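Engineer: The structure is given below, and queries will be raised subsequently.
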Amino acid sequence: MAPTLGFFPVVTLVVLSGFPAAVSSRRDVLELGDADFDYLATEHETMLVKFYAPWCGHCKKLAPEFEKAASRLKGSVQLAKVDCTTNSETCSRFGVSGYPTLRIFRYGKDSAPYDGPRTAEGIYETMRRQTGPDSMHLKTKDDLKAFVNNHDASIVGVFSGTDSPRLAEFLKAATLLREQFRFAHSTNLQLAEEHGANSECVLLFRPPRLANAFEDSIVIFRDYLTIGSLRRFIRDHIYGLCPHMTIENRDRLRVRDLLTAYYDLDYHHNIPGSNYWRNRVMKVASKYVGRGLTFSIANKKDFLLELEEDFGMGTSDGGELPFITIRTRLGHKYTMREEFTRDGASLQRFLEDYFAGRLKRYIKSEPIPEKNSGAVKVVVAESFDQVVNDPDKNVLIQFFSPLCPHCKKLEPVYGELAETLRSDPKIVIAKMNALANDVPLGYDVQGFPTIYFAPVGRKDEPVRYQGTRELKDFLRFLKREASHHLVLSGFKDEL
């Protein structure tokens, strides 16, 4: 009998010309490039793409968060990245001008910029909302009950029928705002009746975990419905008297003057305990409604680094008692140094001092240098007004990071500029460590180095320097912007 032949599978590896091997990586974040972007992007219903540069500090900070989010979103939303230093054609096509840039794509088409948080949890929650319908269709009271029983707030539109023009407008708003909020709609008017409405309306349900005796849990919108009017209604009512501030929503809350009580809270495992201090804050906060200050609570563990760096608080300060801070929309910061009392009296005294203008602002600053005789003057937050806002001086100020390679590369040129202008009594060349000092209002510092010119007579309108970092170009800029004729030392070339 002839021996039986064993058949073994033959594996053939086919390499498609022009597609980098990184595409077949088993990692959760796809690596895309000029050659394969369109080909691979069209395969995914929803995809979040990060356009980055390997040298970018903000990109490096985002990378682990992006990877974690990709792992959690696997199977529902694809995350991808494009290295713009080697794939300039793709990055140029989508108008990438800074790093990192995040954009949402649907079946390969550029859908919208990603404006959500840049933490793993924030990316996950934001992109999770990008799946499924913009607004959930609810048919029964049980559907409504299940939808609003959620960790987050819910916006539910109730309409007379599928042909209602208000429903059409509501759905447009849901499409635009789905990244930030949860939407649902119904054509069963009975769903609104038990909440005090007998006609078309929008019901805003605040999170059940935040229910309290100081405000209603449901707010009804009955005005003329447009995208703009609904957006304003949500903005004005969704957070209530004292919302739970998180890493994900802090930027939206901080557009107003905000008091925050930081303590150990956990709304997933201990709702009553989390609301214990919140109720005491709300009791006091309810007396100051309409005074221009909003209130919030936050988990101290989520903001330890911020509390330490921005407010000078030690991580063990206060024990179980809340930390109280105020941060205004202008960037002014205040801390309550008196111990929080359970009757709220200390918080009320703090607020009375705040509204009376008796509190001293907290400023993060390095010590003022004892010696500052170099050509480049060292500025700290405590000396910023004295040096940069000197009404008689034109000041060029560089905001730098000690860790930034571009700042180190600039040092000799910046130093030469300062030496060239050293004999000019009306101009100052200065620098400030933006990581160790608070950056004043009016100066937008997102990367390093960032350079501004504060001219005489226009200290409240600093001019950002966006030229090349060469001596001649700095001098041309200063000649154009300064309020006087420059006095140069040993500079021969024509400007």
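Backbone N, Cα and C define each Cβ position, glycine as well.
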Engineer: I want to verify the bond table. Which candidate from Cys59, Cys84 sits on the other end of the disulfide that TrEMBL records for Cys56?
Structural biologist: Cys59
Engineer: If you have TrEMBL open, could you say which of Cys242, Cys407 makes the disulfide with Cys404?
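Structural biologist: Partner cysteine, according to TrEMBL: Cys407.
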Engineer: In Å, rounded, how far does the Cα of Cys56 (disulfide bond) sit from the Cα of Cys404 (disulfide bond)?
Structural biologist: 10
Engineer: Measure from the CA atom of Cys59 (disulfide bond) to the CA atom of Cys404 (disulfide bond) and give the result in Å, rounded to a whole number.
Structural biologist: 14
Engineer: Within 10 Å of each Cβ, count the other Cβ atoms, then let me know which of the disulfide-bonded residues Cys56, Cys59 comes out lowest.
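Structural biologist: Comparing Cβ neighbours within 10 Å for the disulfide-bonded residues Cys56, Cys59, Cys56 has the fewest.
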Engineer: To what whole number does the mean pLDDT across the domain 'Thioredoxin' (15-132) round?
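Structural biologist: Computed over the domain 'Thioredoxin' (15-132), the mean pLDDT is 86 on the 0 to 100 scale.
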Engineer: Among the disulfide-bonded residues listed here, Cys404, Cys407, whose Cβ has the fewest other Cβ atoms inside 10 Å?
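Structural biologist: Comparing Cβ neighbour counts within 10 Å for the disulfide-bonded residues Cys404, Cys407 gives Cys404.
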